[in-house]
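What Swiss-Prot records for this protein:
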- 173, 219, 449, 490: L-aspartate binding site (BINDING)
- 219, 220, 221, 228, 483, 535, 536, 537, 538: ATP binding site (BINDING)
- 197-200: region 'Aspartate' (REGION)
């Protein structure tokens, strides 16, 4: 039905007759000539109909937005004065010779013009229309190019594309599982996989030493702009490769993607330990485009007569750190109060500040509500350490170390945006040497990555004796403050795996019930293995500049995990529930509802 895609017609086709199919993007009647902007997934081209062909002209005059049409016409160059540099096809137009309406369109329920606003609910309810818009179509096409490039790279490096089960067993991986009741085994449930983690490890044990899969994963968790209940991973696992080799190979793949699809040279990725990232940036996924860093000053304020500072400064678990913001002295009191309110979201109790109005005037050039608690020597040392200059502001965080890191790290990002401090387009890095475990709110321990991550250079006995000192052989790839992917060397013997389970409060009986198949498999010559999983949706979001992963998925869910298009989730047929042996507990209706 077509000879070319609309967006592919160019100056090389001048003088040729082409056949196109697509949708009417816009139609204009200017002085007895109909200009038709015709659109398909590859772009838009202008088709011109004049009255010399009365029957065709009459049909062209009747067209409305989103009519589905087929046209035949002659490609001709536009006059220089009419060239549209903003269009891929802007050097040419098509003189329409034939026109067939393949289907008409009812009045549209959403605005198709990119400059017109639609609500998120409208866009998802009429997603098939939303996806016709060029900016959305471009992202879906780009996504396909990314997955094709990933497959080419991995296939070319000896990786095998192997599918793993979707109906599997519930295992504790940090989020709630989506459960699927079994009709055959009444009262028992499958779980949709949060990741293929255990199956890809089992594939390593099976001898398939290089595996990959572009795979759907499912997590029943609270959603944010970069989270969906079902999402896609580029999942990779290898045997007989060290963490350094896995990082080198996946970095090569990532650099290749950016070069091929964006013509961007990312260069070699720097390394940073988890401890350094938290100390300097308050985040384990720092955005290195932002030049601001957290600066520790606990040693300077241990003796000051101000409990807000000296308390955390003398607490082994406390921290006092500052941000020095160039040009920040122009912040009004109201703006500073807004910053103080902002950090409370992250557990901070408030925010002290100090403006450097005139460095040459000494203490007289300093303005701060806490200045009365600070000696001239302390202020001088503070200015020297931060490098603050006239016109800058210093913001203080003082609390438990984890609160200071989270609150000041978030404030660092906000200030970087507010003061337009971000430099460069792309800043990748590897974050390494993560703690093996971290404390839970009730004082217990949980795995920072997952319970199958191996420690660096520790025996099972050493690990159980001092688990909080353990460093995992794990690595995260970070780009512009977003975690693109994370991975680790895996545990490959049953003694170490059992030790980790015990540290996490999983006794031997529970471990055998939930992970007996894994512990058994680890007994039969399991090779050393390691891997990494990328969040495909997040990669596409970053590469296309989209504001949400919903804008790079064909049919995403809302932030409440619903689908307005199909009205999912929905109620099950009572007959099906009986067959499954499932009864539904109706929510309680409160008085007045």
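Each Cβ is built from the backbone N, Cα and C atoms, and glycine gets one as well.
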C-alpha spacing of residue 538 (ATP binding site) relative to residue 490 (L-aspartate binding site), in angstrom: 24
Secondary structure composition of the region 'Aspartate' (197-200) [DSSP: H/G/I, E/B, coil]: 4 helix, 0 strand, 0 coil
Cβ neighbours of residue 449 (L-aspartate binding site) where a neighbour is any other Cβ within 10 Å: 19
Listed in sequence order, residues with CB under 8 A of residue 221 (ATP binding site) and six or more positions away: 175, 176, 227, 229
Inter-residue Cα distance where the pair is residue 536 (ATP binding site) and residue 449 (L-aspartate binding site), in Å: 19
For ATP, whose listed binding residues are 219, 220, 221, 228, 483, 535, 536, 537, 538, the greatest C-alpha pairwise distance in Å: 20
Where residue 483 (ATP binding site) sits in the secondary structure, as DSSP reduces it to three classes: strand
Listed binding-site residues (219, 490, 538), ranked by Cβ neighbours within 10 Å, top entry: 490
Chain-internal residues near residue 483 (ATP binding site), provided their CB is under 8 angstroms and they sit 6+ positions away: 285, 476, 477, 535, 538
Inter-residue Cα distance where the pair is residue 536 (ATP binding site) and residue 219 (L-aspartate binding site), in Å: 15
